[in-house]
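Take a look at the structure below.
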Amino acid sequence: MFNLFYFMLFLFNKSGIIFNYLYLLSMTHILKTLNSWFWWENIWMPVNVTWAHFVDRDGLVFPKPHQLYATIPYAFILLIIRFFSERYVAIPLAKALGIKNVRRVKPQPNPVLESYFRECSKHPSQSEIQGLAKKCNCTVRLVEKWFRRRRNLEIPTVLRKFQEAFWRFSFYLTSSIAGFIFLHDTLLPSQYWYYMAEISFYWSLLFTLGIDNKRKDFLAHVVHHLAAIGLMSGSWCGNYVRLGTLVMFVHDTADFWLEAAKMFNYARWEKTCNMLFIIFSIAFFITRIILFPFWILRATLYQPTYYSTTPVIAYFLFNGQLLVLQGLHLYWGYLIFKILRRFIFLKDLKDDRSDEEEEDSVTDNEEEPAKNGNKNGCGSSKHLLNSSHH
C-alpha cells in the first residue's frame, strides 16, 4: 500500500517537473518569436538595409538596444542626486531668496467631513456646508475653515514647489549645454551619455508623478513623458541618433527658462519672474512652434520619401509620436498665449495649471463660540480644528 502511494507521488512530481519544463520551453519559444517579430528588418530598415550593416567594424561603433536597460538604474541614481540637491542646495537657496518653510495647519480629525471630502466634493456648495454644519453640530464658518485647511493639505508648499523647479532647472540647463556641445560631436560615447541621461530623467519623472506637484495638465505630462521615452529609445535602436539629439536639444533649451521663472515666482521676485517668463515664451514659440514642425518634422515626414517610395513601419511609429508631441506643443502654446494675454492687458502673470493655497485666517469671533462651548459650535475648538495657526 505504501509502495503504491510513493509510486503515485513519484509520478505526480515527475509529471509536474515535465509540465514546468514544457511550459518554460513554450514561453522561451514565444519570447523568441516576439523578439524576431519586433526586430524584423522590414519594420526598422529601408530597402536593401539589414541589421548586419550596424555591426561594429573598422573602428565604427553603433548604438545597441540592450544599452537602454541601463536607463532604469540610472533613473534611480538621478533620484538620489535629486534628493541631495533639493535638500542641500535648493533649501539654502530658497532661504536666501526669502522663501520660508511654513507649516500647514491640519484640521482636527472629523470622520463626517473627511468622508464627504474624499467621496463627494472638495468644494461643497453653501447648502451642503449648512447641512454638514448641522450634522456635525458646528458653525458654518468652522466647516468652511475645515474644508479650506483640508484642501490646502493637498497643495504642495511653496518651498516644495521651489525644490522641484530647482531640480528641473538644473537638469534642463545642464542638458541644454551638453546637447549644444554634443551636436558638434559625432562620436558615439558623447551621444550615449546624452541619451542615457535624458531617458533616465524622464523615467525618474514618471516614477515621481505621484509625489510631484500635480497640475491640471497632469495627463498631458504623462503622455509627453511616455512619448519622449518611446521616441528616444526607438531612435537609439534604429540609429537615428542625430535626429533624436536634435529633438532633445530643441525641448530642453526652452524648459530651463520656465523653471527659472517659477523659482523667482515662488520667491516673489515679480519683475525677474516676468522677464524670465517672456524669454521662455519667445524660446518656446521659436523652438516648438516654428523649428520643431518646420525643421524636424519636415525632415522626418517628407525627406525620407525622396529616398524610398515605400516607407517602413518605423516611419509611421516615429512620426506618429512626433505628431503627438507637436499636438502637446500646440496645447501648451495655447496656455502660454492665454497667460501672456492676461499679463499684457491685466498685468497678471498667473499659471492656471497650479492650484493656489487658500487664505486661512482665524478671527476671534469665529473661535469664541467654540471656546465658550456654544451649542451651535463643535463643543470645543480642539474637536474639529487645530487652534494653532500661522
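Note: Cβ is positioned from N, Cα and C throughout, glycine not excepted.
Taken from TrEMBL, the feature transmembrane segment applies to 6-25 (among others).
As annotated by TrEMBL, transmembrane segment applies to 37-55 (among others). With a threshold of 8 Å between CB atoms, the same-chain residues lying at least 6 positions outside the transmembrane segment (37-55) that come near it are 62-63, 237-239, 304, 307-308, 310, 312-314.
For the transmembrane segment (67-85), same-chain residues at least 6 beyond its ends with a Cβ under 8 Å from one of its own Cβ atoms are 166-167, 170-171, 192, 196-197, 199-201, 203-204, 207-208, 233, 236-237. Among the features that TrEMBL reports, transmembrane segment is placed at 67-85 (among others).
According to TrEMBL, the domain 'Homeobox' annotation covers 113-151.
According to TrEMBL, the domain 'TLC' annotation covers 145-345.
The transmembrane segment annotation in TrEMBL covers 169-187 (among others). Sequence-remote contacts of a segment are chain residues at least 6 beyond its ends whose Cβ falls under 8 Å from one of its Cβ atoms, and for the transmembrane segment (169-187) they are 78, 85, 194, 197-198, 201, 245-246, 248-249, 252-253, 255-256, 259-260, 262-263.
Taking Cβ pairs closer than 8 Å, the transmembrane segment (193-211) reaches residues 63, 67-68, 70-72, 74-79, 82, 171, 175, 178-179, 182, 218, 221-222, 225-226, 228-229, 232-233, 236, 241, 244-245, 248 in its own chain, all 6 or more past its ends. If you look up TrEMBL, you'll see 193-211 (among others) marked as transmembrane segment.
Annotation comment: TrEMBL describes 273-296 (among others) as transmembrane segment.
Same-chain residues lying 6 or more positions outside the transmembrane segment (316-337) and placing a CB less than 8 Å from one of its CB atoms are 217, 220, 223-224, 227-228, 230-231, 234-235, 238, 240, 247, 281, 284-285, 288-289, 292-293, 296-297, 300-301, 352-353. Look at TrEMBL and you will find 316-337 (among others) tagged as transmembrane segment.
Annotated compositional bias 'Polar residues' per TrEMBL: 373-390, in sequence order.
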